[in-house]
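I have placed the structure first, in the form of structure tokens, so that the comments after it can refer back to it.
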């Protein structure tokens, strides 16, 4: 098994620009949600500032991933992926997710402004499940052995399915208590969350498909980056939209 | 076909300083529009903050382009444009445009404060058209073959003309509903947008003209940078002026 992935010039440039796109999307989204704080009622600002923190943390990690990718290429287009201290560090993604995924879930709960006991119980269960999901995925991500990859992938899928179940079954009930017009957007938020989260397991599995290590690497980096932009930036902007709608429904003037 | 463009010392310095000029214009404009938020009515702040995001994202990309230009020169004045992982990365411009051009269009729609349905329909159509325009331009930009360049250039021009049509035909109608004095400035904004956008296809076509690869490179970088400053900074400041005029017309005191 090789310690490097030999990219073409086009593949190298594609990943390089995709990572840069992810980086600036996260940072711009952070600034946007930070300066938009006064445009929602104070009770919804927790959701907004959590979104800023998610994209801020992700922006930091994309800056690190971008630099790591460049350094791992040395003078050419072959990316060292292990066996050297400047190897491409996939660990940044897992450090990012272990911080941002629980925050994303708390952000979604915060914008719904549920009763305190309901919110607290949901938070505990979703945060624990998300930590398990990411922690169990990592040994499979870094393993070179397909059986190991599948084993940890399956273990990681159990809390993943539990999160989907909670979001659909229990958050669904809260939809009925939302003001008119908001319920539809909250419904779309839940679909966005579930739809984009589905990209992660698919990207995780690319090395298992019979497409060669190079293509698997290109597709995995592309898939993770697009999923991160959808799950963090687009998700955060949807949270902002919901907060604006609920603020307006609760009498906030915008003149 | 050479992998490098051999600039003279004067040409190198010219592009270097032009890129630096673009970089600080974007960043200064970002700070100016961010701190000016309280000087317009809340309903116009979305337009202003979108302008801040456009110049912020562009500032990031000018910083990257500036560094890439310097690194691609190595120890001399010859710019490596392909065949090495530190080659001058024209892709940054396209990543920039794919993010900023839709935001610019939404910014223009936001400052007009149109009825919700009209704004929503305009946004959808213009955002899709702008993504097509930029996505179709990129294969031509990076191609070494003039026929390929022309093919993608023509394809990219179709959504470009559609955007111009929508701006002239449909936004024209909204001019009549603007307060006295504002209509003239909105008219100028539209002309600015269309006038500066015309610079992009011209810069794109420089390599097709019979002026040599070096001159084409110098003119293309200069043209793109000037067009970016006009289309983002001057455009954003015009948006701010319109927002100030409309705020005053709607009774905002400035004492």
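Placed from the backbone N, Cα and C atoms, the Cβ positions cover glycine too.
Record features (TrEMBL):
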TRANSMEM  B:14-35  transmembrane segment
TRANSMEM  B:47-63  transmembrane segment
TRANSMEM  B:97-115  transmembrane segment
TRANSMEM  B:122-138  transmembrane segment
TRANSMEM  B:150-168  transmembrane segment
TRANSMEM  B:189-209  transmembrane segment
TRANSMEM  B:221-243  transmembrane segment
Criterion met for the transmembrane segment (B:47-63) and the transmembrane segment (B:122-138) (at least three Cβ pairs under 8 Å): no
So which of B:14-35, B:97-115, B:150-168, B:189-209, B:221-243 is most in touch with the transmembrane segment (B:122-138), counting Cβ pairs under 8 Å? B:150-168
Sort out the residues at least 6 away from either end of the transmembrane segment (B:97-115), same chain, that have Cβ-Cβ distances under 8 Å to it, and list them. 43-44, 46-47, 50-51, 53-54, 57-58, 122-123, 126-127, 130-131, 133-135, 163, 167, 171, 174, 178, 186, 189, 193, 231-232, 235-236, 239, 242-243, 246
